[in-house]
């Protein structure tokens, strides 16, 4: 059943001329999706693994050259996370924000197809719900650049590194709370099937809840330790 769901071609429009839920959403000029889920997911996973590999190698071999204090494995892993997050915000989410006509383009781009696919898990993207647009504006213009700044701060051992990471993590957590709470308050009727609900709506978004929470806890502890050490030295 899972394999059939992944391989099924997504261009079969339901009642209303589109495959989204609820079926009475008006999407005039809708152009069916041309790429299958696997054709979208595999390149995304491959690109993510490439980014992680590059950041891991660079942080381990280049940034530690001639340094007295080497970057820890935890810092290097977190740099990989911030790279994935920042690029997701600035490329994938920006494509949604700056391409309001992605549902009606006769020659859709790869990113247009991504959002057509994801909209099956949350049709608020297809209808350009104002809450969703607001969340994406913050992601593109604030969280994305801040995530990339976090990579620089970690690599350069900046004093503001942990404060910055804590702040960005709280931004991610607050955004996800707004995302899920508004979906619940609006009836949770935006997903076409349990498969899309658990795979995309819950599964694909869960890293942006779990990982920022862990990084925020770590940053809080390190900031607290720094203040404690400073106070002890002053005393």
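Every residue, even glycine, has its Cβ placed from backbone N, Cα and C.
Automatic, uncurated: that is what TrEMBL annotation is.
For the transmembrane segment (40-58), the list of distant contacts is 6, 76-77, 79-80, 83-84, 87, 110, 113-114, 117, 151: same-chain residues at least six beyond its ends, Cβ to Cβ under 8 Å. Residues or ranges marked as transmembrane segment by TrEMBL: 40-58 (among others).
Taken from TrEMBL, the feature domain 'EXPERA' covers 74-216.
Proximity of distant same-chain residues to the transmembrane segment (79-98), defined by a Cβ-Cβ separation under 8 Å and at least 6 residues beyond the stretch ends, is recorded for 48, 51-52, 55-56, 59, 71, 109, 111-112, 114-115, 125, 133, 136-137, 139-140, 143-148, 150-151, 154-155, 165, 168, 172, 208, 211, 215. Positions annotated as transmembrane segment by TrEMBL: 79-98 (among others).
Using a Cβ-Cβ cut-off under 8 Å and counting only residues 6 or more beyond its ends in the same chain, the transmembrane segment (132-155) has close neighbours at 55, 59, 63, 71, 75, 78-79, 82-83, 85-86, 88-90, 93-94, 96-97, 122, 124-125, 161, 164-165, 167-168, 171-172, 175, 178-179. Positions annotated as transmembrane segment by TrEMBL: 132-155 (among others).
Taken from TrEMBL, the feature transmembrane segment covers 162-183 (among others).
Taken from TrEMBL, the feature transmembrane segment covers 195-217 (among others).
Helix, strand and coil content of the domain 'EXPERA' (74-216), in residues and according to DSSP, is 105 helix, 0 strand, 38 coil.
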